[in-house]
Structure formats: C-alpha cells, structure tokens
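Asker: This structure is in structure tokens; I'll ask about it shortly.
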Amino acid sequence: MKLDRREFLKNLGIGSLLLALAGQIYTWVRSLFPNVSYEGTRRVKLDEPDKIPDGVTFIDDIKTYIFREGKTFYAISAVCTHLGCTVKYVGLSKPKVVKIGGKEVEVKWEFHCPCHGSKFYGDGTNYAGPAPRPLDWVKVEVSPEDGKLVVDLGKKVSQNYKLTV
Amino acid sequence: MAEVKVNGKKLTKRSLFWTWAPRSEKEAGDSIVRNLLLHWFPAKVTLKSLSWGYSLWLGTITATLFLILTLTGVVLMFLYVPSVERAYQSVKDIEYVVSFGWFIRAMHRNSAHLMVAFVFLHMVRVFLTGAYKNGIGVGQNRPLNWIVGVILLLITLFLSFTGYLLPWDQLAFWAITVGTNIAKNAPIVGEWIRFVLLGGHEIEQNALIRFYVLHCFFLPAAVLILFSYHMWRIRKDGGLACVDNLVLSQKKEKVKDGMKSKTYSLLGLTAGRTVQVETSLIDEEKYTVNSVPFLIRRIGLVMLGTFVFVVLISLFIHAPLEEPANPNVTPNPAKAPWYFLWLQELVAITTIRIGGFVLNGALVGGILIPGILVILLAIWPYLDKSSNLSTGVWFSKERMRQNIVFLVLCFLVIVLIIIGTYMRGPNWEFYFPWEPWPQLPKKF
Amino acid sequence: MDKSKLKKDVTIVYAVALMGLIVTIIMYIGYFTPEWKKYQSEFKRYVSEKLGEEKAKAIEFGVKQIYVKELNRVDRCITCHMGYEWKGLENAPNPFKTHPKEILDKHPLQKYGCTICHGGQGYALNKEEAHGFIEHWEEPLLGKELEDIYRPPDRKVLLQMNCNICHRYDTLTPGADYINYAKKLVKEKGCRACHKINGRGGVIGPDLTYEGDKAPEQFDYSRIGGYKSVFAWHVAHFKNPKMVSPESIMPEMGFGSREAIALTLLTMSWKKVNLPPEYYPQSYTALADLPTPEEIEKERQMREGEGAFFVNKGCFVCHSISVFGIESAAKIGPDLSNALEDVQSRFGKTLENFIKEPTGTMSIVLGSQIMLTDSEKVQVVELLTKAYEKYRKQQLTSKH
C-alpha cells in the first residue's frame, strides 16, 4: 500500500513535469501561428462600367487583367499556374487562329510567363512551357450599392465567365 | 537492458543517454564524461558545493534566466518588426492578438529584470565568500574568472538596456535618451560612443536597428562565449572556492590520521601536480557524492524552480507598453531603466559648482563614480591581501573590513535605486511612497 | 549537509513541477476564455433569437480586424461589435447594434476602419483597453463616457472632432454641426487676426495650424479646477482666456459652453496627419478654407491703410478705429477714433501723458505685451490726433 502511494506520487510528479513543460513549449509554437491577417485586399472596386477603358487593363493590387469588349467584361488572373510569377500580356501584331478544346478560335493576344517560359492563349489556355493548367478566371460583378465594377479574387469562376452590362 | 551490436561494439541505451541510477562508480563517472550536455561537470562534487547555503545557486539561476531569455527571445524575434513605423504596432499585436504573446513578452521582460538582479547577487555572494581568491591548487586563476564575471555583469546591463528601446514607446524612447546622454559625458570618447551607438545624433531608425542587432545577436553571443569560459575556468580552478577551504581543513586532520590513497580523483585524472591532486586529499567517502544523479538533479531542480517562478510572476506582472515614442514630448518624469536609476540619481545630485567652474553631474555621477567603482571591482582580487584561509568562506574574519565596505557600497546603490524608482515623481521631485503624485494630465 | 538531504530533492522536484502544472493550467484557462469569446457567443444567441437559427449559423468565431493599409491603422472593434453591418439589428443593444448605414455608405469600413472616427484603441481585444480609458492611451472612445464628463449641450457631438481630420478644409461638412459652427465662429470673430490657422493668419498669437498635436504635458493646468485634460483646458480657455493664462492678451469673447466645446473640438482636430489625397472630400468645398475676395480686400485695407500701425502692433485686437476702417473682432476696448477726447474724460490726463504713463488695463498691456519705443509713442499720438480730426469731420457732416 505504501509502495503504491509512492508510485502514484512519482507518476504524478513526472506527469506534471512533462505536462507543464509541454504546455509551456506549446505557447511558443502556438504564438507563431497568426490569428489575424495583414494581407492585401482580395476585392477591388473599379469605376463605373462605362468608364473602364476598352481592351485590356492591368489591376496591380490583385494581379489581374480585366478586359472590356463593348458591354462585356471579364477578368483573367495574371498569376502563372506553374509557380506564381506574374504573366505578361503580349499583343499579337497578326491575329492567329488556334484550336482550343476542339474549337477554332482567333487569338489576338497571349500571356507569357517570364520565369519558366510558360505560354497561354488569350483566354488563358496553356499551350507551352511547364504550366499545368489554364490561367484562372476571376469574378467580375457590378456592386449593388453604387453600380461600380468589382473584381473579386475570392470567387473562382469557370473559364469564359463573362459579364454583360 | 537493450543492447545492439554494431561492428562488434556494444551500443547500449546507456551509452546514448545517461543513467539516473548508476550501479557503480564507473557508471556514474561515465554518465558525466561521455555526455555532451554534462561533460563540463565534474564526476564527483563535494557536499558543500551542493549545499543551498554556500553558493545559494545564484549562478545557476542566472544561467537559467539567460536560457529562458534566449528561448522567449527567439520567439519574439519572429513576431517583432525592428522598424520605426512598425515596431510599436508589432508589440501591440504581440500584446493583443498573438496567442500567448503577452505572456511570452512578460516572461522575457521579467526574466531580463531578474537576470540583472541575480547577476548582481551572484557577484555579491562571490565577494562575501572570498571566492575570487585562489586557494591551494596549482594553476588556479580565480581573479581572472572574477574579471570575466564583472564583464558579464556589464554585458547583462547592456543587453537589458538595448532591449529597452525595442518596443518604441515613450518609456523606451526616453529611457534610452537619458541613458545615452549619460554616456555622452564621458571625456573625449563619450560623444563619439553615443554617435556610433545611435548611428547618428538622434534616436531614430539607425539607433533602433543597431540596438536590435546588439540585443538579438552580438551581446547574447558575447554572453555565451564568456559564460562558457566562466564555467571552464571553474573546472580549471578546481571547482567552487569552498573546496579549497575543505581541503585546507582536511589537511590538518589527515596529517593526524595518515594519508589515504585513492585510485581516482574528481576528474578521473591524477597525472601531474595539479589542482586535482590536491583536491584528491579530500576524504571522498565522507565529503563527496557522484554528480549523477545528485548534482544534475539539483541543477534541474533550480532550473525548474526558476522557470516556474518566472511563469508564475509573468501571470501577474505584465510588460509595460506606453504611448508610441514621441521625440517632441518628454513624459514627466522620464526615468532610465531601474538598474541605471542610481546613476540618474547621482547625476541629479552631483553637479558641482566652484565659482564659475561647473562640473557636470553627468560626468561625476554618470561616468566618474561608476567608472571608478567598476575598475575597483575588477581589480579588487589583486588588492585583497588576505590569506587563502579566507577563500570560500562566508564573512571570513580576515576580510571583515572589506566585506563591510563592499556591503555599504551595495546598500547605497540599492537605496539610490529604490529612491529613483519609487520616490521620484514629476520634475524629479521627492515623494514618499505613500504620498500621491500630482495628477498627470490626459488629452481627454 | 549529509547525503540523505540530497535524496529529498526528488520530492521537491515533483512538488515544483506540480506547481508549474497548476500555473500553466491557470494560464490556459485564461487563453480559452477571453472576453471577446463571451461577446461572440452572446451575439450568436441573440441573432438566433431575433433572426433565426439559420442566420446565427453563418457567424464565424475568431478575432476579426479591419486593416486599412493606406492609413496604417488596424481596428479589431468588430470582434465584439459583430452586428455592425447586419440588417435587422438596428435596435439591438450594444455591442451588437447595426451601424447607421448612411454614414458607412460614404465612409466604407474597409477604407476607414473604426477608430479614425470614433477614437479608442483599435489594437485591443478587451472592452476597457479598446475603449481606451486607460493609462498610456490618449485617444479614448469619443462617446458617452466622455460626454458624461464634459457635458456638451448636445449629445453625440464629440466624435465630430475626427470628421475634421479629413474635412479640415471644408467650410461646411454635412452632419458635423459643431465643427461647422466653430468654423463660422473662427470667421466671425476674426481669429486669424492674431493666429495662423491652416498656414494663414497673424503672428500675435501662437500658430494653431497643428494645435491638436500638442501633448497634455505642454499645457499649464495650475488654474484649471477639476479634471486636468487638454480638452478641459481648451474649454476653460475659450470661456475665459485670462483666467487660464493671465499673461494672455486673447480677448474674452463671451463664449458659452456650446461655443467653447465647438471651438475646442475644432482646435483639437488640427493635427498633422498623413492622408492619401483620396481621403480629402472631392466636393466643391474641398480646400475651401481660403479667404473670399472681400476678406482679402478688407485685410489689405486694414494692413496698408492709414491705421496700418495699429494693425501691425496688434492694438486692433481689442480696439476698433472706425475712421481708419479698422474693425476689431473682439471689441473689448473702446473705439480709438475719438481717443483724444475720450482719454481725457476717462483718465483725466492728455493722450500724450496717458501713453507715457498708462493706468489700469493699458498699463499691463503696454508694459508687457505691446512695447512701444519713444518715437512710436509720438507716432501713436500723431496718428490718433489725425483720427480725431477725421472723426470730428464725420460728426459734423452727419449732423448736417
């Protein structure tokens, strides 16, 4: 009986020692996981749709190209799907016709990645280099409050999502 | 016991770790000698060295505090941004949104203050026991180790001082302003030292990054190197000074009883006429124990106790954070860190006017007096002519006079610090602790 | 010491370890039960009661913050004030109440955060420290707690101070009636005669362009009763400048507490703030704190006209000299147009003697604030004699 008690006290002592140390060390580890984010915005409000320039505009804050074709708007992310470099818009002097997904499409511009030579057609489809998939398309919407155009990185959309105002 | 044979050599658990319950003297010795973490300890220690009453374990406590400071400091380095624009904000974030951030910072701050206090107490203990004196061993150089200790004290102060600026609040900014302006009054080099330390004439981004690098890398590295040397010298000097004392008193006994011979010594080495030969005169059966487990366990206990104490007080004593630093507005009163407050107090009372000649208090109180004190402190072992019978003895009669002078000086410093900390209010006016300070104005 | 004592170390190690465990557990209890978690679960309960289970489910727990990069501000108020943009909680108790929508439409939270208007400490995550009524935080919540101390005649006016951080150069800011009133007073009372405001004005009084940046330590509270604060100092000073700082030549304008508080809010809003240009209002009133052509003309006449001497010396702060076209804002002293005979009747000595040996208030003013050389004193008499001649002429013509 006496031995049991001694055994119990020993276990209690060693147990509390290990638990207390584990608890203290955990505070150091836990403190390195941030609870709040200071990262930049994922949602950018632009001007009214009719004040957006025709053609292509690059929005620095969210690394996205926004396109206007008359009353139609769409946006393609400039982040290369390979390793995240920012792809460059390259206007073609002569439009070319390529086959994308079995359909023949006329392409007036391309995106080239400066890092590892990935190349994308105007709609973001990858055709050369290491990029594993097409560039992401980004949601474009009209703000219900003031009618301005909003580009929202948080909302993924399928390729060829276009907004007509 | 699990045994694995590798290339014919026995690899046991014991050769990888160490045993808490050695079954023989050899095993006990192996636990120390063959262990990286413990190899700098002796295999056997005297009971006197292990006792609470002789060393008070102040050095171990200090080293533990330094370990806590290193660990929490590394965590804080991940969270703190050393830039004038972001520093204050990042400290606010540590206080409010980082999980346990306030606690880690409180531990760091409290350990820092405690470390300054314990380095000082350790020094007082060494002085009062005459432990900076050589005893009977050959090759001892305790005075040198004392000087290393004094340098460690100065570095500890400077470490704490450089850390003081980092939160970039009013407390930090003005404490460093007052502190560095005291340095400015050093003759000839003062102005230059301040300029190099701050990287300019003002406390700005340059000063912040310099203090940061000094605080996080340069000074801790210096402490680590000097600490290693400090410990190594203790071994070279034959352990704590109380061992010499023990040997001396044993010698008399043994001459009576006849010498006992031993096959091993404290180090396991007996070649040459070294310290160890002399110390092996000790009756080991009676006065020593194996380091494993007794020394190691007690070190572990002191470390654990120190750690738990720091954790406990950090729950109640939080690290302060005042308004963001504002070079245009001096808070009233502006105080240096507490361990420099005795200097600030001296500075305030030692401006000497003889006719038209004014001797600035910052020079007398801030440079001359502490400078002389530190130099005296460093060379004292060479001035202390007492015999080696007073080595490693508390309050030896032979050293009574110097002990009293030393204690009086320590007492004066402590009194000045207490006055500076608790009894100086706005405009550096004197207030008794029970007197309320005048209400400080707020914006709203 | 003997060896048996050393064996007791084991027990002590266990005891200390147990203590360590207890302390660690206490710490973790605190970690798992912060104040804001209480508010968040209360909010969830409130929403499920008022708006249904479905809506309550959408509430996510955790620390929330608004980070405004442009202003380098971070506000965590919404961690507890969770209902700020919910519909249907307009009448909920604080901290769950919906924020009035109109003002948020013009000042989106993502661009402004909370504390730039409301004050308080955005970093903090507990009520006391977030509302900022603590040591070492100088921007408390501009709300009910402060209004209970300073008792402005109207409620919810204190935070108008912060409107003026961006709306500084407006003449009229919709919704900020105290600030608007104060700006009107600045024009009417001619503060710029003595003070520089927004970089424009006189040099008799201190430059007020960045008055709001002055720290509490920079004021003298020895003649202020009660609570010592910059705000209280300004209010008392506007009501009675001489009582607060006896050396001041600033005239007493007879302000009541509405005027004094409005002006205090205005002066304290004059801070040096780095604002990106888009934060200044893009209306026709932007950068409107410019003098009108009439004001410029009048000022020119005063400074260059016959009475220029009195304007430059600062006499016009208290005295009008109507015949020279000088109009004092404060009108504390008598019009100096007929000083020549007025001095005789008031003090029983000639103007010349009075200037040399003034009595009463003027002895203080001429002794400490407006120091005149002997030749200037002669000039004063000459000019005022000329003014009197003009005055007589006017009197005669008006009689006919």
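Here the Cβ of each residue, glycine as well, is placed from N, Cα and C on the backbone.
Sequence annotations record features per position, and here TrEMBL assigns domain 'Cytochrome b/b6 N-terminal region profile' to B:17-243. Taken from TrEMBL, the feature domain 'Cytochrome b/b6 C-terminal region profile' applies to B:301-420. TrEMBL lists B:56-81, B:112-132, B:144-166, B:207-227, B:299-319, B:363-383, B:403-423 with the feature transmembrane segment.
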Asker: In the same chain, which residue numbers or ranges, 6 or more beyond the ends of the transmembrane segment (B:56-81), come under 8 angstroms Cβ to Cβ?
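Answerer: For the transmembrane segment (B:56-81), the nonlocal Cβ contacts are 87, 89-91, 93-94, 98, 101, 104-105, 107-108, 111-112, 114-115, 118-119, 121-122, 125, 166, 216, 220, 223, 227, 298-299, 302-303, 306-307, 310.
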Asker: Report the listed stretch (B:144-166, B:207-227, B:299-319, B:363-383, B:403-423) having the maximum count of Cβ pairs within less than 8 Å of the transmembrane segment (B:112-132).
Answerer: B:144-166
Asker: To what whole number does the mean pLDDT across the domain 'Cytochrome b/b6 N-terminal region profile' (B:17-243) round?
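Answerer: Averaged over the domain 'Cytochrome b/b6 N-terminal region profile' (B:17-243), per-residue pLDDT gives 92.
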Asker: Which numbers of helix, strand and coil residues does DSSP report for the domain 'Cytochrome b/b6 C-terminal region profile' (B:301-420)?
Answerer: 78 helix, 7 strand, 35 coil
Asker: Would you kindly list the residues that approach the transmembrane segment (B:363-383) from elsewhere in its chain, counting only those six or more residues past its ends and only Cβ-Cβ distances under 8 Å?
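Answerer: Long-range Cβ neighbours of the transmembrane segment (B:363-383): 127, 132-133, 142-143, 146-147, 150, 154, 182-183, 185-187, 190, 343, 345-352, 402, 409.
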